[in-house]
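This report concerns only the one structure given below.
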Amino acid sequence: MGAAMLTGVITEILIPVAAVIGIAFALLQWLLVSAVKLSPERQTPAGGNKKNGFAADFLIEEEEGLNDHNVVVKCAEIQNAISEGATSFLFTEYQYVGVFMAVFAVLIFLFLGSVEGFSTKSQPCTYSKDKFCKPALANAVFSTVSFLLGAVTSVVSGFLGMKIATYANARTTLEARKGVGKAFITAFRSGAVMGFLLAANGLLVLYIAINLFKLYYGDDWEGLFEAITGYGLGGSSMALFGRVGGGIYTKAADVGADLVGKVERNIPEDDPRNPAVIADNVGDNVGDIAGMGSDLFGSYAESSCAALVVASISSFGINHDFTAMCYPLLISSMGIIVCLITTLFATDFFEIKAVKDIEPALKRQLIISTALMTIGIGIVSWIALPSSFTIFNFGEQKKVKNWELFFCVAIGLWAGLVIGFVTEYFTSNAYSPVQDVANSCRTGAATNVIFGLALGYKSVIIPIFAIAVSIFVSFSLAAMYGIAVAALGMLSTIATGLAIDAYGPISDNAGGIAEMAGMSHRIRERTDALDAAGNTTAAIGKGFAIGSAALVSLALFGAFVSRAAISTVDVLTPKVFIGLIVGAMLPYWFSAMTMKSVGRAALEMVEEVRRQFNSIPGLMEGNAKPDYATCVKISTDASIKEMIPPGALVMLTPLIVGTFLGVETLSGVLAGALVSGVQIAISASNTGGAWDNAKKYIEAGASEHARALGPKGSDAHKAAVIGDTIGDPLKDTSGPSLNILIKLMAVESLVFAPFFAAHGGLLFKIL
């Protein structure tokens, strides 16, 4: 078979070193961002006001006769209010999530421990009956520990992301006074801090967990990597609550602020007179940053776990080849190094001189990281894998060559890029689909909604073909392991993807702070340009998340089918078909719950904002301050209360179906949820993104066509705002949460598979 060039010892050094480099790079970026001071002190150069000198690079405000000291103080105050609101919400959310985490950890232990009646005797291995493996009780204990590890890492990833974003938003605003290039670098570096911390922490914690578990499991790699799947379950279950809770928070505030402020009162977005404005800006950080961070961490953890589970019962695990076994982790390590080089292209190698350079710079990040990563995957596949080996394929061992595995990872990586650019085409206002949606606003909100829905449905076609091709090629080459590493390929440049994703909400907040601090119109134009580019790249990020979720859940599904000892999933058997049709319904039920939750919370918010405008004298004139705290409280209370039912639906479905209806029906449920969930998620995200950018297209008035539809406050603009408001919960709550639904149900089924295989299907046993 030919041994790998890379020895086990070097592998054990390389993986943690790559993670530490990622963390060090994140800290360096954070230090560079913190060099922008939020205090009003400044030195005036002794040699007069030289325009190109550092201290006098300073400020549009000076040219326009505005008091710079007050502007900085105001920015610091607003940033503080946003940071406090976000921290307070996340702490409240984590208290509830902590209770869930403890209860679910107990459930994992009880379910898995009861497989062999809490016996401490060694059992025959699942896949090699002639060998003995560690007892089921050990699997219960270690699965519970890895679940808690994954959950804590996910929560920490989201929280750190939020703290970094709220640290950087006002600094981006202040840098916008010196030029759009400096503001871009500050926002992008802050995004990179989050991206690298998350990628490196996820890798390091998983690597340490594997090595610690190995001390007990020894040569029983089958049991070891089965227990490690709890890490993915912990990551995704926290991501579900982060995405749903954060999504409800941010959209309740956004809808309330837009409907009353823009449509009824005709005041600008982020106007300080709007009582919901602080809650809206807090929402960007808890939904788009903390929720998204946890979500992508969950995808990364699950794709790694799916690959490791399949590898442990292939020749890598059977022959105890540690380097080949760590192939998924080596791919992630290479990803950190590639993303580090790619980031330098945005912050150091190329300069942003004008607004038109922003979007190409962000797109260049995706292309450079994908091209470099392709080379990186080739190197890892060449040095870390034997020239040929076998991969477990539903009871048989399939012979695979190392170059075939390279193609599996590479096709996942490039499919991600295709999905990203198709998403951009359908959601960026530089192209005809969004311009058509904007044009439809001439005849009112109804036609805008019709055009937007049609765009979302149409945008599903190419991504689904891209996913289908990558599934077919990777499965043909390396069975279920091929699909797992294809998902990992799509997520291998996660640090760059997250940097681009986090950049959007940071720029959005920067614009809000500029408006609230009463800064120059020219500065608001700069932050709006940063935000518009961020909107499109956020849609690209969501495309990546959904595409990788489809591949990850399919790989987990394959691992579940193998572990539950199902020989074939036959759609024509009634047990499987009823599961299939119920599973396909679940994303609709889940979307209904999340949409209704946003609607209820927004209703309360709209009433409160109206009440304040009507009852606080001098509020519209700017002579009185609104009560921001009440609006923040409405969003917090609503999101905490409303996130529980959708979360319970996702977490309880596999447990109920597996226990009462058995593994065949559960396999149908997983397949149905995957097939319908991916389609709804893509169309919801793209419809919402298109409506948002159609509104921004009219507001910016950059072309003759856009000016004919505008200005702000025109009938066409009001119709666009209504479309944007409808799209908000689609693109920021239901759509992104659906990809967690399909992954989470699959990984939960895999973790509980030993119990379902031994004791599941109670209903059919009684009948």
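From the backbone N, Cα and C atoms, a Cβ is placed for every residue, glycine too.
Marked as transmembrane segment by TrEMBL: 13-33, 96-115, 135-162, 183-210, 325-346, 366-385, 405-426, 460-488, 544-566, 572-590, 649-682.
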Considering only the recorded stretches 13-33, 325-346, 544-566, state which has the highest number of Cβ pairs under 8 Å to the transmembrane segment (405-426).
544-566
Restricting to the same chain and to residues at least six past its boundaries, which positions have a Cβ under 8 Å from a Cβ of the transmembrane segment (366-385)?
4-6, 11, 323-324, 326-327, 330-331, 334-335, 337-339, 341-342, 345, 402-403, 405-406, 409-410, 413-414, 416-417, 420, 489, 492-493, 496-497, 500, 540
In the same chain, who gets a Cβ under 8 Å from the transmembrane segment (325-346) while lying at least 6 residues past its ends?
6, 11, 14-15, 18-19, 21-22, 25, 29, 185, 188, 192, 195-196, 199-200, 202-203, 206-207, 221, 300, 303-304, 307-308, 311-312, 316-317, 361-362, 364-365, 368-369, 372-373, 376-377, 379-381, 384-385, 405, 409, 484-485, 488-489, 491-496, 499
Before we move on, state whether the transmembrane segment (183-210) and the transmembrane segment (572-590) share at least 3 Cβ pairs under 8 Å, counting only pairs 6 or more apart in sequence.
no
For the transmembrane segment (96-115), give me same-chain residues lying six or more residues beyond its boundaries with a C-beta closer than 8 angstroms to one of its C-beta atoms, as numbers and ranges.
136-137, 139-141, 143-144, 147-148, 151, 155, 230, 233-234, 237-238, 241, 640, 644, 647, 651, 655, 751-752, 754-755, 758-759
Contacting positions for the transmembrane segment (572-590) when only residues 6+ beyond its ends and CB under 8 Å are counted:
646, 649-650, 653, 657, 661-662, 664-677, 680-681, 734, 737-738, 741-742, 745, 764
Top stretch among 13-33, 460-488, 544-566 for CB pairs under 8 A with the transmembrane segment (649-682)?
544-566
